[in-house]
Amino acid sequence: MDSDTSSADFHSTETLVSTPKYSYGVLINVILLVSWTCFRVVNWFLVTLPSILLGMLSKTFQITLSLSSILMFVVAVTAICFLVVRYKYLTRYSRNSAAKEPAKKSFDIDDLSKKKKSSSKTSSNYLDQFLSAIQVFGYLEGPVFHELTRNMTTQKVLPNEVLYLDESLGFSIVVEGTMQVYTKVTNLSNSSLNAEDDGLDLRYENDDVLCIGNDKYQLLNEVKSGAPLSSLMSTLDLFTSNEVPLSPTKFGSYSLTAVTPLELSPNNTGGNSPPPSLAPEIVARPKGTTSTTLAIIPYTAFQRLHKKYPKATSHIVTMVLTRLYKVSMNTIYNYLGLSKDILDCERNLNAETNERLPSYLSKGIIEKFHKTEESASVEGSPTLPRRSTVNLRALTRQASSSRYVVLASRSKSTHPGDLLSSVPLSRRSDYYETQTIPNESEDSPTIQRSSLRRRASHSTSLRKSNSVLEDIRVRGFSNEREETEETSLRTAIVEQIFTHLGISEDDPTVMNINPTSASSSASSSIVGISKLNYGSLDSINSPRVDPMTSIRSSLASNGNKVYQTINQHTKEADVLQEKPKKVVLPGSRGDDSDFVAVKDEFARAIQMKYIQPGKTIIEQDSFHTGIFYVIDGSLDVIQESNGKSKKIYTVKAGGITGYLNCLIGMKSLVSVKASEDSSAIVAHIPSHMYSKLIDKFYFLQLPIARRLKRLLSKQFLTIDYALEWCHISAGDILSKEGEPANGFHIVLSGRFRVVKFKTPFKPVASKAGHDTYDYNDNLIDESNKKYTSNDVEILGEYGHGESIGEVEVLTASLRKNTLIAVRDSETARIPRALFELLSLQNPSIMVKVSRIVANRLSKKDSEEILDKPLAMTSSDSPYISSNFKTITILPTVSQLPVREFADKLVQALKAIGRNVIALDQASTLTHLGKHAFDERLAELKLSGYFAYLEEKYETIVYVCDTPVKSNWTSTCISQGDCILLLADADDEDTAESIGSYERLLIKLKTTARTDLCLIHPEKYVTPGSTSIWLKNRVWVQGHHHIQMEISPTQTTSVMKPKIPIISELAKKIKDRANPNIKLKLEEVKGKALASFVKLNNKINAHGRMSFNGVSVHKNDFLRLARILSNEAVGLVLGGGGSRGISHVGVVIALEKHGIPIDLVGGTSIGSFVGGLYAMDYNTVSIYGRAKKFAKRVSSFWRILTDLTYPVTSYMTGYEFNRGIWKIFGFTEIEDFWLRYFCNSTNITNSTMDIHETGYSWRFIRASMSLAGLLPPITYNGSMLLDGGYLDNLPVSEMKKKGAKYIIAVDVGSVDDRTPMNYGDTLSGFWVLLNRWNPFSKHPDVPNMMDIQLRLAYVASVNALEISKKTPGVMYLRPPIENYATLDFAKYDEIYRVGYVYADELFTSWKSSGKLPDIAGMGDKVRKDMSGEHVSLSRRNSI
């Protein structure tokens, strides 16, 4: 056992000792192997390989080839190289430009409207409907709103009840259901409304006429929930307890107090019916079989509001006057043509007031002006100085005091001791009507009693005694009360003007207000809608006794009704309620010194003027003329219409003119001038001073507005009551397709887009004569369907002053289109019932509206005739008038030259004759105050200011010069009809992303047209750069390239340009270059420029056209102004092969005569020349590039090498394609400096395609592809051929682009219309002999090719005839009949023919005055725009 163990240990020890020896042996073997391998490799390279090479080189080879083999090899190699170069290298342009253009994403029609479907559902919340209706008062602050609505009550009207609307009870609002409002038409009861008895069918609906007894009521309007039932004008009488007596011209406030229920009962017929004067003028009833709920604000709430918050009262009065002007007067004058109702206001105003100035005051000013006129030789109206050296101090008047008037007329030498020159005198002219002064002489002044300056005493008896017993014979004298004759005259004039305006010192609406405080603390109030009569108030002073108090009971409970109703079914009237008593809220009369201060302020604003005979002081259609008071003489009021002047009436001494113009800010409807045979002396209060004083003394607005209301006729107030003032936010829908046409709209401000669904409903005629939808054909639920741009068609737009929907109203049909507000807009809605009522009373209205509709339909028919050649076009861009009212200039990012751009655009708009104003934040704040955008209350004033500007100016430019988060930025976006999005063309970062202002534009979801204005430092566009801007901006509808310098500071702040490596390397090489080489290069450069100048002078007739600077007619801002103002000039060049070279001469002649071009379009060769002009906008490059192309196309060898087997065409098209590509390169149509389009014939879809985007060479080649000669160009699977097959002169498409004037150049072959008569059969041999027979009288019969060509151009011939008759077209046809289609080798000859023809034609047109007055062509424009930046006309070399 031990031996075994010891042996094992021995073996293990041996193994451990032998292991290191084995490891060393393996390592040595590896080293030896690697060494041996390296030796073998080195040996092979150093010994074996050289030996092999030497052996091979020492051998001899011999190859024998025949000549034919060598030639074949060379031909094969050459062919392979040619094919590789020809189809691999030389066609790279085709493969690069064949990539599909990124199509813009189709937008959802839901994006056009922000209106949610849930909002279309009628809300059952009374408060929501009430808040919607109370917006007619403008924005009301919290306390004011609470005071106005704290005593509001509701009344429910059942379906079988008729409501007698008494507007003196309060202001009512429909919060649930629909009310039908009727007006009494007693004057038509025996004629028009009974016409059906005579066999005439007037087609009244069942609900149009309501009979109560013998009285007939005609439907006036339907008031839906959320709309006021009361007239806004009626609120003027709710603020005061002194009710104005009813007059024949008064409307709306007819009380039921004089009418009993039995008299108004339907079963009361015959002679027992009440007199027509006692019957209510306005009644209402619920529509259909559903009840209606009214919310009523009692009149006491308005009186309390007037007492506590007089400033809020002035705001409501401002809203009333604003609506009166914007809605009622604009509609009545501009659309309905009832100008007499408006002009009668001022005539009646002067007829009611016959007072004149005292003779002792007027005589002095008359003598002074006549003496000044006789002594002065300078032309103009002498004006009296505003104030004399003596200051008038407004002091508190005592009962026994008077005025001490120093008469300047009495300080003459002829009256040295006249005692009457220093006596206290009255300013009233009617003193002698009540007083008798003995021993009156001619020279003595008229001594009168003062009635307008009576001080209110604390005692009523003292006040009465002062007003009655005040007499000049008992007055004392006071030196402190001394006046000069001038100050007394001014005060007397103010008093006379106040009398006209309805301002009286005794008016409680004036004297109960303290102008120094806008509000007072809230007094105690009675809560509860049942106590509308405020019977618990102890402070009621002198309540007015109501005539029907005995038959009325007080509203003691909530269940009693405010308005009286009559049950139609039971024919029993409800118990008459007692009319609430008028409340006079407590308060003392203000100090007379306040009113004296008011008159003194107005007196300071008066300007005395002498008007020469026949001189006009107010021009028709002018704004803010002010009020004129006639002191002496007379003024003629003249209305001009259709070039004829008509004298309406004469304003004599003591009258005023300019009343409505100054009062509500409307434009003057008449011209006012002095009589031809005599001069006039007037006192003038400028409009801006009047507005300033009215704002200061705001409590004067209420009596002025009440006086105006009393002057309006009943018909005017009826129209005002029924008209609706609609406010539509941007993106909201005004009317939907398929809705009943129950009225038409007149656009007051804003813009609407007309949209039509391509899958319309199917209307069927019903028995009643109305169109209804037949839903039985397709019962498909489309309520949740989203419509995309492919499902809708944009038909056009409606702008300021245009009317919408008359045709549907006249034909009693459904709406055919959908109207969407482009921006925040306002319309005046004329209900169908009101229109029918007015048509019965005034047939002239129907005649005028019929003419408007007929003119519109006639224009539409002419446009449809014009569009007939384009019935097959694939262009879906509608004709939309680009005469934008408001233009917003919005940058993409900050630090862009927005203000400089706006200044240049405004200057250009003025240069073309537009009345334009630019608005930025600073100018708006200057006019409206620093809180114009911060207070919600200022929104009314802001919108009113914008509306006034839209009425006064043709174009308003909103300059967005504020940060993104500014309120002014959002205001600019919301106010724009067209938004010009400014961008720096070199800003690559913004091009591929979205700017900060663009994000706000997207967020606001505006639907206004948005055009991208790319600003370039030079007239050069990098090929392909424009599409980068446009491909991701689906909200951009167009773009313009504008040359304008951007300051270096702005450039660095906008972007950090990347310096190309090549440019940097070139700069370094230039710095290190030899000075001698630099001088040599400069010398070569100078020679090159000199040669270019020579070439330009040769082309432009011996240097007549300057090469030194940009001509005025090529100014980019003038071009942009014409496009935005619908004054654009379009150039259309027709097709005709080589005859189109004459287009080059015509274009150069246009440049010579300074005729601007804004849009370019063409067909075939016209698309080529037009593309050159639109791309370069320069005649030098056009001439050189066109000549280069003509030389290439006319090359015999190029044509020969391009021939192919004529299966589709005789030529492959390669040489032709490359010739065009050599000219245009990779420039896209979007890169052209001018807006451009060309047409082609799509033989795949049988349509005419209009190309405005994409690679220019490809679509110009498509437009020039003659069938048989060249193969069609394929694009998106369609084959495109020459556009001349359908329209060889696309004038109609240019008209759709908005061009007002179109210069159309036709170079097509003459259509042979020789009569043919060869019988019913034709022999080919006879045709051949007929052509060879020189004595034959028969015309040559066309061959098969001629017939195919004529057949191909049938559509084009008809389109040409229509193009010649298009309005605004200047048709030119150079004498090029002697040249063939392929005579490109005669370039210079054909060019000269076109140039000489156009030059002579334009010269003759100018001399004879036939050339249209194109905006931007006049000498004045050249002078005004001559200060623009000047640079080289051409932008790159040929």
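The backbone N, Cα and C atoms fix where each Cβ goes, glycine too.
Swiss-Prot lists motif 'GXGXXG' for one of the ranges 271-276, 1135-1140, 1363-1368, namely 1135-1140. Within the listed segments 352-356, 517-521, 1162-1166, Swiss-Prot records motif 'GXSXG' for the stretch 1162-1166. Cβ packing within 10 Å was compared across the binding-site residues Lys692, Lys709, His745, and the lowest neighbour count falls to Lys692. The distance from the Cα of Lys709 (nucleoside 3',5'-cyclic phosphate 1 binding site) to the Cα of His745 (nucleoside 3',5'-cyclic phosphate 2 binding site) comes to 25 Å. Counting other Cβ atoms within 10 Å of each Cβ, the binding-site residues His624, Arg707 show the lowest value at His624.
In the three-state DSSP reading, Ser675 (nucleoside 3',5'-cyclic phosphate 1 binding site) counts as coil. Ala821 (nucleoside 3',5'-cyclic phosphate 2 binding site) and Gln607 (nucleoside 3',5'-cyclic phosphate 1 binding site) have their C-alpha atoms 45 Å apart, to the nearest angstrom. Highest local Cβ density among the binding-site residues Cys726, Ala821, Leu840 belongs to Ala821, counted as other Cβ atoms within 10 Å over all protein chains shown.
Within the same chain, the residues at least 6 positions away from Gly658 (nucleoside 3',5'-cyclic phosphate 1 binding site) whose Cβ sits under 8 Å from its Cβ are Ile618, Thr625, Gly626, Ile627, Phe628, Ser668, Val672, listed in sequence order. With respect to Cβ neighbours within 10 Å, the binding-site residues Gln607, Ser641, Ser675 differ, and Ser641 shows the lowest count.
The number of other Cβ atoms within 10 Å of the Cβ belonging to Glu802 (nucleoside 3',5'-cyclic phosphate 2 binding site), over all protein chains shown, comes to 15. In space, Ser641 is the closest of the binding-site residues Gln607, His624, Ser641, Ser675, Lys692 to Glu802 (nucleoside 3',5'-cyclic phosphate 2 binding site), judged by Cα positions.
Comparing the Cα of His745 (nucleoside 3',5'-cyclic phosphate 2 binding site) with the Cα of every entry in Gln607, Ser641, Ser675, Lys692, these being the binding-site residues, the smallest distance points to Ser641.
DSSP gives Ala821 (nucleoside 3',5'-cyclic phosphate 2 binding site) a strand state. On the 0 to 100 pLDDT scale, the model's mean across the topological domain 'Lumenal' (47-64) is 86. Under DSSP, Gln607 (nucleoside 3',5'-cyclic phosphate 1 binding site) is assigned to a strand (E or B) in the three-state scheme.
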